[in-house]
Amino acid sequence: MLKNNDTIVAIATPSGYGAIAVIRISGKNSIKILKKIFLSFSVKKNFSEKRSINLGYIKSKNKIIDKVLIFIFKKPKSYTGEDIVEISCHGSIYIQNKLLSIIIDQGARLANPGEFTLRAFLNGKIDLCQAESILDIVNSETYFSHEFAINQMRGNISNLIKNLRKKLIDFLSLIEFELDFSEENYNIINYLEFKKLLDNIIKKLKYLIKSFKIGNALKNGISVSIIGCPNVGKSTLFNKLLKYERSIVSNMAGTTRNYIEDSLIINGIKYRFIDTAGINNKTKNYIEKLGIKKTYSNIKKSDIILYVFDNFNKKIIYNKKKKLQKEYPNKKIFIIINKYDLIKKNINYKNIINISAKYGYGINKLLYKITNFYKKMINLKKNSIVITQTRHYESFKEAVFYLSKVKENLEKSIFPEFLSIDIRTALDYLGKVTGEVTNEEILSNIFSQFCIGK
Ligand SMILES: Nc1nc2c(ncn2[C@@H]2O[C@H](COP(=O)(O)OP(=O)(O)O)[C@@H](O)[C@H]2O)c(=O)[nH]1
Ligand SMILES: [Mg+2]
C-alpha cells in the first residue's frame with residue numbers, strides 16, 4: 001500500500017522568496033520528465049552518468065522559464081534509492097510554482113509530507129530510527145537537539161538495537177531447536193549464559209529509558225516554572241531572564257492571573273520559562289483561584305522550579321521548600337531570594353541564590369546554576385546514547401517488561417515454550433524502533449509529521 005512506484009515532486013525549500021529554491025523529483029520517470037523540460041547548455045546531453053550537475057534552461061512550450069542547475073542521482077545511489085533530479089532554480093515564487101506545475105503536467109505527482117524519506121526507508125536506505133532523526137535534524141534549534149539527532153542519524157541507536165536483537169535471536173533459535181527436539185533430550189542452551197545476556201540487555205535498555213527524560217527535555221526545551229507568593233517579583237525575574245518586558249510587573253498582588261510562557265536558548269539548551277500566578281491560599285477571587293490551579297498544573301509539567309521568596313526567614317523558606325519537594329519529589333527546585341537590594345546586611349544561606357530581579361543582580365549566577373545542572377547530566381553520559389522519541393521510550397519499556405518476565409520464568413524453570421513467546425514479543429518491540437518490525441499505522445504516523453519535500 002505504502003510502496004508507490006510513481007514519480008513524485010515537491011519544493012524542498014521553505015515557501016516564499018529566496019536566492020534559490022530547490023525542487024526535487026524522485027521516481028522512475030524523473031529523468032524522462034527532465035529531458036522534456038530541460039535544455040542543457042552542454043550539447044548532446046543524455047544524462048547517462050550515475051551522478052551529474054548540469055546547467056541549462058527550463059522551458060515550457062518553448063518559453064524559457066528560468067536558468068537552473070540540475071543535480072542528477074541515479075538509483076540506487078540516491079537519498080530515496082530511486083532516480084532523483086534536483087532543480088536549483090531562482091527563488092521566485094512564480095518560478096517555483098511554474099516549475100512544479102510543468103513537472104506535474106509531465107506526469108509527476110505532488111509528494112505527500114515525508115514521502116521522500118518514506119521511500120528511503122522502504123527502499124532500505126535508512127531504518128525507521130534514522131528516518132525519525134531526519135525530522136529531528138530539520139527541526140533542531142539548539143546545539144544539543146542537533147547533537148542527539150545527528151548521532152541518531154549516524155545509527156548509534158539502530159546499531160545498538162540491531163546488536164541486542166541479534167544476540168537474543170541467537171538464543172531464541174537455540175531454545176526453539178531444543179523445543180523441536182524435546183524428545184531427544186538435547187541440552188544445548190547455556191542457561192547461565194542466557195541469564196547473563198538478559199541482565200545485560202535489560203541494563204542497557206533501562207539506561208536508554210532513563211536517558212529519555214533528559215533527551216526529551218533537551219529536544220523540546222526544558223520547562224522552568226517561576227513560582228512563589230504574590231508580589232515576590234516572579235514577573236520581574238521572568239522579564240529579566242527573557243531580556244524584555246514580556247509580563248506585567250506591578251506592586252498589586254494578583255497581577256499575573258494566567259501563566260505566560262516564552263523561550264530562550266542559553267549555551268545550546270532551550271528553556272521554556274513560565275511566569276505563574278502567585279500562590280495565595282487565602283484569596284477569594286474566582287479568577288485568581290483558577291490561575292493558582294494552573295500554577296500547580298505547571299509545576300507538575302515542569303522540569304525545573306524556581307521558587308521565589310522576598311523574605312529572609314530561613315526557617316519559613318526551608319520549610320516551604322521541603323513541603324513542595326515532598327509533593328513533587330522528582331522536580332529540581334532552586335530557591336531564590338529576590339529583592340536582595342532591599343536588605344542592608346550580607347546573608348548567605350546554603351543552596352539559596354540571592355538575586356535582585358529589578359536591578360539584575362545574581363541573574364547570571366542563577367542562569368549558570370540552571371545550565372550547569374543540565375550540563376552535568378549530559379557530561380555524565382558523554383559519548384553515550386540518548387533517546388528523544390516517545391515511541392522508542394515506550395517500546396523499550398515494553399521490551400524490558402517482557403525480558404524481565406523471561407528472566408523470572410527462567411529462574412522458575414518454566415517450560416521453554418513460554419520463554420519463547422515472551423522473547424518473541426520483546427524482539428518485536430525492539431524491532432519496532434528500527435522498523436524491522438512495523439505496520440502501516442506506525443509509518444503514516446511518523447511520516448505525516450514531516451514537511452512536504454523531505
Ligand atoms: N526592590 C526591589 N523590588 C522588586 C524586585 N523585583 C520585583 N520588585 C518589585 O516587586 C513588585 C512585584 O513585582 P512582580 O514582578 O509583579 O511580582 P510577582 O507578583 O511575583 O510577579 C513590583 O513593584 C516590582 O517592581 C527587586 O529585585 N527589588
Ligand atoms: Mg506576576
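Cβ atoms here come from the backbone N, Cα and C positions, even for glycine.
Automated prediction, rather than curation, is the source of TrEMBL annotations.
Noted in TrEMBL for the protein shown:
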| type | residues | note |
| --- | --- | --- |
| BINDING | Arg24, Glu86, Lys125, Lys454 | (6S)-5-formyl-5,6,7,8-tetrahydrofolate binding site |
| BINDING | 231-236, 250-256, 275-278 | GTP binding site |
| BINDING | Ser235, Thr256 | Mg(2+) binding site |
| DOMAIN | 221-375 | domain 'TrmE-type G' |
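Structure with TrEMBL features highlighted.
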residue : record                                              : Cβ contacts under 8 Å, 6 or more apart
Arg24   : (6S)-5-formyl-5,6,7,8-tetrahydrofolate binding site : Val9, Ala10, Ile11, Ala12, Ile84, Val85, Glu86, Ile87, Ala111, Phe116, Gly453
Lys125  : (6S)-5-formyl-5,6,7,8-tetrahydrofolate binding site : Pro76, Tyr79, Thr80, Gly81
Asn231  : GTP binding site                                    : Asn251, Met252, Ala253, Gly278, Asp310
Lys234  : GTP binding site                                    : Ile226, Ile227, Gly228, Thr256, Asp275, Thr276, Gly278, Val308
Ser235  : Mg(2+) binding site                                 : Ser247, Ile248, Val249, Thr255, Thr256, Asp275
Ser250  : GTP binding site                                    : none
Ala277  : GTP binding site                                    : Gly254, Thr256, Arg257, Asn258, Tyr259, Glu288, Gly291, Ile292, Lys294, Thr295
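Across the residues of the domain 'TrmE-type G' (221-375), the predicted structure has a mean pLDDT of 89. With the fewest other Cβ atoms inside 10 Å of its Cβ, the least crowded of the binding-site residues Glu86, Ala253, Lys454 in this structure is Ala253. Among the binding-site residues Lys125, Asn231, Ser250, Ala253, Ala277, not one has its Cβ under 6 Å from an atom of ligand 2.
Highlighted here are the binding-site residues (Glu86, Lys125, Asn231, Lys234, Ser235, Thr256) whose C-beta falls below 6 Å from ligand 1: Asn231, Lys234, Ser235, Thr256, in sequence order. For the binding site of (6S)-5-formyl-5,6,7,8-tetrahydrofolate, formed by Arg24, Glu86, Lys125, Lys454 according to the record, the largest Cα to Cα distance is 18 Å, rounded to a whole number. All protein chains shown were included, and the count of other CB atoms within 10 Å of the CB of Thr256 (GTP binding site) stands at 23.
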